[in-house]
Structures are given as structure tokens and as C-alpha cells.
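Report on the following structure.
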Amino acid sequence: MTNIAIFASGSGSNFENIVKHIQTGQLSGINVTALYTDNEGVPCIDRAKNLNIPIHINKPKDFSSKSLYEQHLLKLLSSEEVQWIVLAGYMRLVGQDLLQAYEGRILNIHPSLLPKFKGLDAIGQALESGDTVTGSTVHYVDSGMDTGEIIEQQQCDIKPDDTKEQLEDRVKHLEYELYPRVIAKIIK
């Protein structure tokens, strides 16, 4: 059994999707030790409660430096014997402490076909670009913003009359298929 921690900052829909894949046996040999979130009062917390997944709420502003924040996280991760970190809507850059401790063992999913449209509002950027396709990317995490080695991508069309909400929904459904599939391949 491989222990993973899932980091999320907001909705937590990808977190919930991964946990449900594990709970239904579609993703075997993996245990989610906890949800790690950097915010209070966000939907991912309610999702974790409903799924009976432990929750760690750690706000960076409660620490005097990013390094101290990450050292605190590392103590929790170590106590839970976490082998992999899976980012699912975690809206912070991962710092050197976590990167060094989990080198090559942190995954992220991003709602664009990287290297296009890094960072926030990738869906909005894709719509404004005039591109006819976008998608989702699973990649290893490095010190940059959405710059790690790409593992796998899946694309969908951008329709001429798409609203942001319609395209977000289509990309989100890609992510629900893509992320568990990649996790099953990469995390053993």
C-alpha cells in the first residue's frame, strides 16, 4: 500500500474524485492519509469530512517563513509515512523543503495543455487566445509554476460559442479521467 497526501486549496473536486476511485477499487494499492489544505472554510474540507478522510489545515501566514511552514508539513507527512504528494488545486508554489524531501514524488494537474497557459485562470487564457483546443496536463512538480516534466496530457475542443463555465466543465471531466489514470501508472 502506497500512502499519499492530497493537497488542495479550494473546491476539492479532484481530491474527491481520486478518493472515490480508491474507495471503489478503481485505483488500488493507494491510501490517502489526509487532505492538506492551506485555507479554512473551503469546500475541500467538507468533501474530506464526507469521505472520512483526515484533514490538516495549515495556514502559511501562521509561520514566520515558507521554510518553517514546509518543515511543519514535513513532520506531519513523515508521521503519516507519506510516500507521494498529489496536488489537486493547491494554489501555492511548492518550496525547496518539500521539493527536496519528495524529489520526483510530487504530482500536479493543471487545466491547460502545458506549456501553454500556466498559472491562474488557464481556462480564461485559453478562451482569450483564440486556440481551438485546450485540455489538462499532469506533471511532476518543480520549483517553477507549472514547469515540471509533463507526464501525460488530454485535450478537448474549444467551441466557438463556449462560455468559460462550459469549457471549465469539459476540462474538469477530462481531469476526472486523466488524474486517476496517471496516478495508477506512476504511483506504485
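Note: Cβ is positioned from N, Cα and C throughout, glycine not excepted.
Over in Swiss-Prot, the protein carries these features:
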type	residues	note
ACT_SITE	HIS110	active site, proton donor
BINDING	GLY12, SER13, ASN14	N(1)-(5-phospho-beta-D-ribosyl)glycinamide binding site
BINDING	LYS66, MET91, ARG92, LEU93, VAL94, ASN108	(6R)-10-formyltetrahydrofolate binding site
SITE	ASP146	site 'Raises pKa of active site His'
Worksheet item: Which is it, of MET91, LEU93, VAL94: the one of these binding-site residues whose Cβ has the most other Cβ atoms within 10 Å?
Response: VAL94
Practice prompt. Rounded to the nearest Å, what's the C-alpha distance separating VAL94 ((6R)-10-formyltetrahydrofolate binding site) and SER13 (N(1)-(5-phospho-beta-D-ribosyl)glycinamide binding site)? Just drop the number here, would you?
Written response: 20
Fill in: Set of same-chain residues at least 6 away whose C-beta sits under 8 angstroms from LYS66 ((6R)-10-formyltetrahydrofolate binding site)
PRO60, GLY95, ASP97
Practice prompt. Given the recorded positions GLY12, SER13, ASN14, HIS110, ASP146, state which is nearest to LEU93 ((6R)-10-formyltetrahydrofolate binding site) when distance is taken between Cα atoms.
Written response: ASP146
Worksheet item: Compared by Cα position, which of the recorded positions ARG92, ASN108, ASP146 is the closest one to SER13 (N(1)-(5-phospho-beta-D-ribosyl)glycinamide binding site)?
Response: ASN108
Worksheet, complete the sentence: By a three-class reduction of DSSP, ARG92 ((6R)-10-formyltetrahydrofolate binding site) is assigned coil
